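According to TrEMBL, the protein has these features:
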type: DOMAIN; residues: 16-460; note: domain 'Major facilitator superfamily (MFS) profile'
type: TRANSMEM; residues: 15-42; note: transmembrane segment
type: TRANSMEM; residues: 54-75; note: transmembrane segment
type: TRANSMEM; residues: 140-162; note: transmembrane segment
type: TRANSMEM; residues: 168-187; note: transmembrane segment
type: TRANSMEM; residues: 208-227; note: transmembrane segment
type: TRANSMEM; residues: 233-253; note: transmembrane segment
type: TRANSMEM; residues: 265-292; note: transmembrane segment
type: TRANSMEM; residues: 304-324; note: transmembrane segment
type: TRANSMEM; residues: 336-355; note: transmembrane segment
type: TRANSMEM; residues: 361-387; note: transmembrane segment
type: TRANSMEM; residues: 408-426; note: transmembrane segment
type: TRANSMEM; residues: 432-453; note: transmembrane segment
Amino acid sequence: MTVSNVRERARPMRALIATLVLGAFAPILDTTMLTIAVHTLVVDLHTDVATIQWVSTAYLLALVVTIPLCGWLDARLGGRRLWLAALIVFAAGSALCALSWSPASLIAFRTVQGAAAGVLMTNMQTIAVRAAGAGSIARVTAALGVPIALGPLIGPVLGGALLHWADWRWMFAINVPLCALAAAAAIRVLPDDAPARGSAAPPLDRTGLALLVPGIVLAFYGLAELAEDGGPVLVLLVAAGAALIAAFGVRALRIGDRALVRVRLLRIPTVAASTLAGLVAGGALMGTMFLLPLYWQTVRGDGALATALLLAPQAVGAFAPRFFVGGLVDRFGPRLVAGTAFALMAVATVPFAFVTAGTNAVVLALVLFVRGLGLGAVLVPIVSSAYTGLSRDQLPHASMFTRGAQQLGGAICVAVVALVLQAGLAHAPAEIALHPAFGVMAAVTALGALSALRLPGRTG
């Protein structure tokens, strides 16, 4: 095969990845912009912080609830139609958010956004892996991570600019043209993989749905609220949610491929290892990102936009590996790349267990850049490993495991470090109370290096 033939075959794949990345950029940008808009929303909608927190909580709950439905929806509609539908719903939810007239309306429309985002982000992985084939999964996964890496860099800065020169409603309205461009491109480049006419549609596992959805809602709501209040009722909610999820798992193992989520896939070593490592990676990302703004704003007294700029070195570091990490995974294997990335993150988290208000900002910028390098590299080997050797109909379920594990790990670690921080604040100022919380996150990230040992090694 000539070089020109290879390039001709690569063009459709590049167009497909660019389309998926453009579509994913809208929910990532939306989420990161909102991190600096809490005060503005409180003032403009005449409410309090506790109510506005539901703008994020409702989005998260809707997102995690729709992830388990992706396998059934993909089998029923096909990846292309499902992704387009999710994109259109997300655009509609964004437009409605921009038109919100009260806290309740904004929360309701954010729920629509979250439900669409859960499908959009999970289904994106499935479409790309199917199109790429076994030999290019790592490189494709690296490309799909571009919006995740760029979001924390662009989102807060763009959000701050919109708040300063326009209005918070534009943070939602800007998603509409992005989604329109992605939809127009998707119609042209995404493969038409709709089920053949007359083919039997898979039945919906209604019993599994009745167990899993309430379980997820109770568990994630309890974990989210534990970050604010460690009351015993919330612990009971988390326990009840975990019990329902466990009941779903037992039943899913018994009924096999008819389950809403094919839990039997966890018997495959690569899927199990990727799910475990993804759980830790999600925790390492979200737990530390919960703490870092608190350090800059509470200890050092910086504003929201200044904090976003001070955290930019981490986002820059996270973006850099996207250009070469896929090749590293192909050359050295997922185990070594993920283990090294976790180690970088752990080493770069340790200094924050000792920082003070006077710690040199340049030194911290360098530390954050190193941590970003690890963040940008860690998920590519983890996610790509999950798809090794799977059949076409198993891919959506692997996507659900990798995406769901990251969300669950993030929720758990945010709740844990929030409780550690609350305990510290009871007898020490924030400058000191943050130290053990960062220490916990350094330990969790170091455990990630151990979890990476179960990932596949070099195969070639």
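Here, residue 1 is simply the first one shown, and the rest follow in order.
In case you wondered, yes, glycine gets a Cβ from its N, Cα and C as well.
Here the structure is a predicted model, which means the values were calculated and not measured.
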Highest-contact recorded stretch vs the transmembrane segment (208-227), from 54-75, 168-187, 265-292, 361-387, CB pairs under 8 Å: 54-75
In contact by Cβ distance (the transmembrane segment (361-387), the transmembrane segment (336-355); 3 or more pairs under 8 Å): yes
The transmembrane segment (408-426) touching the transmembrane segment (361-387) per 3+ Cβ pairs under 8 Å rule: no
Any contact, the transmembrane segment (408-426) to the transmembrane segment (265-292), with at least 3 Cβ pairs under 8 A: yes
